[in-house]
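Residues or ranges marked as transmembrane segment by TrEMBL: B:12-35, B:73-93, B:105-127, B:133-154, B:180-202, B:208-226, B:238-257. Summarising the annotation, TrEMBL assigns domain 'ABC transmembrane type-1' to B:67-257.
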Amino acid sequence: MTTPDNSGDVRLSGISKTYDNGFTAVHPLDLTVPQGSFFALLGASGCGKTTTLRMIAGLEEPTTGAVHLGDQEVTHLPPYKRPVNTVFQSYALFPHLDIFENVAFGLRRRGIKSVKKQVEDMLDLVQLGEQARKKPHQLSGGQQQRVAVARALINHPKVLLLDEPLGALDLKLRRQMQLELKRIQTEVGITFVHVTHDQEEAMTMADTVAVMNAGRVEQLGSPTDLYENPNTTFVANFLGTSNLIEAEVDTTNGDDIVLEAGGGKLVLPKARCSAPTKAGGKVLVGIRPEKISLTHADDADRIPEGRNRLTGRIADASFIGVSTQYVIDSPVCDELAVYVQNVERDGRLVPGADVVLHWSPAHTFGLDADQDIDAGTEEEAAA
Amino acid sequence: MPLVNWLKRRLVVIAGLLTLAYLLLPNVVVTVFSFNKPKGRFNYAWQQFSLDAWKQPCGVADMCGSLSISLQIAVWATIGATVLGTMIAFALVRYRFRARGAVNSLIFLPMAMPEVVMAASLLTLFLNMGAQLGFYTILIAHIMFCLSFVVTAVKARVMSMDPRLEEAARDLYAGPLQTFLRVTLPIAAPGIAAGALLSFALSFDDFIITNFNAGSTVTFPMFVWGSAQRGTPVQINVIGTAMFLVAVLITLFSMVVTNRRTKHNA
């Protein structure tokens, strides 16, 4: 019998960070990252995700709370005594050392004499064997990024921390490196904690995503879970796009809640509603744009029974190849987004046409109406 | 017309060569006259070629003694100013403390102050303290005015240094001392070296402040000044030429090293 290895668990209990100037970057936070998982901290800049990462690395001391790695408490250990390594945002490769020495740095500091074999193997893993004697500035951005990963991984850390490691790369290279990092993580089986502001990156790579906002974790779960069943307007808007419609609770009917919006009835499964529901109370009804079907108003009677419906008029349509994105004006909400796959295009669906929007109640989610309906949208970020 | 065109095309080269000649001509004169055999006590007119002075560089009374004092002061002043100046530069860039802004501007005062004013006030200070003028008062004065140059050179380098590099070192198992020795110092080294070279040249060269605070000690520039009143021995030119050659050799050496490194890396 072997006990399950949990030495790569990261446990944060009640950690917070308040800077000398009084700014609280992270509010008391509890988080457990299980051994071997790929965990992403996702949020806009300034949400406290990097501070959280730096507290795990030991580069920032928490104001309150404790950090555990496995069973070991490391809260007050300096970074060079923690079995954790970081891939920094700008890579932070040592400019005065060549690639070989950059990768060998951690081994040499721990007094390991024969580093040649290990460094060469590691450089081969990241496909940089040929570049060993070059200086960092002679490599491309993607190559530097791989050196940074190799320099951290060669130490076999219990946890690898990645601080926006792909932020400086162009889109194509970023996609490539996302797959590459995921492959390396699966291969070495180390716990990865990845900080990013790119929701697509987080969803592609991570097993579990924690969405952070203003120093707090808004919601934590698998990418599918977060996307299909967001608990707050911030998560609903920050991860992809959501249509949020204000509605009033009409009746509760078994496992479903019946809501009223603009004179029509909408059905919402009780299990998918994170808000308190009492008759007469307000709820935000959410639906993702790709879950909605569009039917021209003339064919409204062909829509199957039991679907949620809204009426509206097409305000704008943009064809983007794989799908067409519509903006619909509706009495309940003036800018509803609808994405329709270009399978059988209905030629009547042009701006100005009256349409019926309909979707399966199972895809509906409900949110507390007391929140800012625009939290996490791009407009808010720009403001 | 062809001549005008020829000139036009080579204008930059010609201007460059003229400037270089302007810079180097005094050195050439010094070198040429180190092979002179002057008639009187003054080495100001060319008489005939001779190697006498080169054969006996210390043939003039007290000259090599003053040279040795100047070299010693320059070495110690360089070490003192470089160590202190590097620490000041790091403190100014890395730490926030009270009066940081004031220190930041006050450190440049010795550079801006007329040297003769500083020399006179230093002398007043030393006399009031009852200090014995000589080697140590010169050294203290030199360290003081070299400091600002070291701080300027090192500060520029430290400011452009990414603080994440040191974090990365700490993250990769380097303790504070190792981080400093393996990462901070090597990256700041070019700035520190520039500051040190500048200090050496300034200290070795300095006449005004030294003259005020030397007491009975005679440095090489003071010796040259003194002898210029009575007659200029050819050996002065020998020492001047030798120093010029050493400087040229150092420059060539560093150029070769840099070239090798770039070629090796390419």
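Glycine too: its Cβ is placed from the backbone N, Cα and C atoms.
Quantities reported herein were computed from a predicted structural model and do not represent experimental measurements.
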Quick one: do the transmembrane segment (B:73-93) and the transmembrane segment (B:133-154) have at least 3 Cβ pairs under 8 Å, skipping pairs fewer than 6 apart in sequence?
yes
May I ask whether the transmembrane segment (B:208-226) has at least three C-beta pairs under 8 Å with the transmembrane segment (B:133-154), counting pairs 6 or more apart in sequence?
yes
Which sequence-distant residues neighbour the transmembrane segment (B:105-127)? Criterion: at least 6 residues beyond either end, Cβ under 8 Å.
88, 92, 133, 137, 141, 144-145, 147-149, 151-152, 208-209, 211-213
Using a Cβ cut-off of under 8 Å, list the residues of the same chain at least 6 residues beyond the transmembrane segment (B:12-35) that approach it.
43, 46, 49-51, 53-54, 234, 237-238, 240-241, 244
List, by number or range, the same-chain residues at least 6 past the transmembrane segment (B:238-257) whose CB is under 8 A from its CB atoms?
27, 30-31, 34, 53-54, 57, 63, 67, 220
